């Protein structure tokens with residue numbers, strides 16, 4: 001009979017309770033632990049009756065979850081471990097996967113997803129997948145000490161962190177896609193820093209920043225006199241990155257002729273520098289990035305399909321800033337700190353209203369635009385505390401337009417023949433609707449709790465949830481997976497809630 005015993009370690013009693021109910025409902029036999037000490041003692045005294053699966057939190061009093069993971073790996077390496085945390089970041093995700101975790105789950109998580117992962121974890125393994133990674137040299141388990149500068153606790157960024165963690169034991173090619181300014185080079189550097197090649201060079205080359213006729217020389221190097229202006233022999237980026245990682249940014253801008261040479265170099269690990277008859281051999285991991293649709297470029301004959309498949313072993317889509325608005329306050333504080341340090345000026349602080357304005361802006365330039373805005377604030381804002389009226393003019397205009405939209409929404413309820421006094425009243429009403437929605441909600445809930453209808457409060461909360469679902473589906477144009485991620489749920493949770501309508 002298959003072992004269906006799962007040990008759950010978490011100092012939060014509510015987490016233990018909901019996981020116990022979920023696992024029992026799925027036919028498992030959960031055993032609960034509140035402290036790592038008791039867990040490790042039970043593991044020592046278990047004899048041959050070990051669990052089929054372990055779920056452990058990271059931050060707990062005394063021994064943390066990473067030490068529990070290490071202990072399990074040393075003594076019972078065949079037991080899969082799912083690591084849970086409410087304080088997820090890139091470093092802890094990488095550490096968990098390098099430590100041998102089967103999966104890394106940021107809280108809050110979807111219970112259906114947890115059960116599905118648990119079922120996958122205990123399936124018999126036929127063999128280690130090549131995608132699980134190459135054998136990791138001893139140095140790869142050590143912290144490189146590099147600060148990636150990647151900040152984010154949104155659901156979208158948690159997926160990025162988990163992907164980097166999974167890839168930390170591998171050197172496969174990765175294709176990064178996403179809008180301009182989403183931090184593709186930062187992610188590429190993080191992939192390198194947490195890979196078996198971390199101690200070797202990381203070399204970046206932006207295709208869009210180099211004239212087309214010089215890209216071949218930049219990539220593969222050249223001999224003296226190979227072309228006009230080649231005064232001396234020069235090693236190309238492939239040779240500079242030997243043993244490490246070559247990051248090719250804006251790969252979609254690479255000329256077709258160079259694409260052919262790149263494909264051959266990737267396939268064979270060999271190439272001829274420009275003007276040379278001596279074959280060069282390199283061992284390089286390539287990470288490519290683009291903001292354009294490469295599939296469309298293939299259809300239009302601007303990009304080779306075979307090169308696309310060579311680069312697209314693993315595909316990571318980076319979220320736009322609009323898809324991770326909850327990260328904006330932390331990003332802004334980080335950029336304001338960096339700008340003050342680099343410019344040797346006092347660090348500016350934003351009022352809640354200013355933070356709110358940053359979170360409502362469109363940010364077509366994504367994180368890079370936010371960083372530049374924080375530099376502008378550091379230099380141009382007069383006071384140490386910055387309110388909405390001292391933000392850049394384009395952000396203030398957005399604030400005015402947003403207020404105007406609120407007024408417009410109110411006015412359509414009227415006759416359309418309001419005099420100036422009525423219009424002024426509409427402005428006040430619109431602003432109140434925009435700024436005081438919490439007060440309105442609180443009043444509704446107070447009335448619900450004070451009445452005789454005992455179900456009204458639940459109805460109000462359900463209505464709010466439905467509004468959030470509708471907004472997420474509207475933002476994602478009906479894409480349920482993306483909508484679920486923005487809501488911090490699993491797809492199954494969203495599907496279940498929609499089915500109850």
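Backbone N, Cα and C define each Cβ position, glycine as well.
Just so you know, TrEMBL annotations never went through curation; they're auto-generated.
For 5-122, the entry in TrEMBL reads domain 'Response regulatory'. Summarising model confidence by region, the domain 'Response regulatory' (5-122) averages a pLDDT of 87.
Secondary structure from DSSP puts residue 57 (4-aspartylphosphate) in a beta strand. Summarising the annotation, TrEMBL assigns 4-aspartylphosphate to 57.
Per TrEMBL, region 'Disordered' is recorded for 124-145.
Look at TrEMBL and you will find 124-142 tagged as compositional bias 'Basic and acidic residues'.
Residues annotated as domain 'Sigma-54 factor interaction' in TrEMBL: 150-379.
Every protein chain considered, the tally of other Cβ atoms within 10 Å of the Cβ of residue 57 (4-aspartylphosphate) stands at 22.
In the domain 'Response regulatory' (5-122), the DSSP tally of helix, strand and coil residues is 53 helix, 24 strand, 41 coil.
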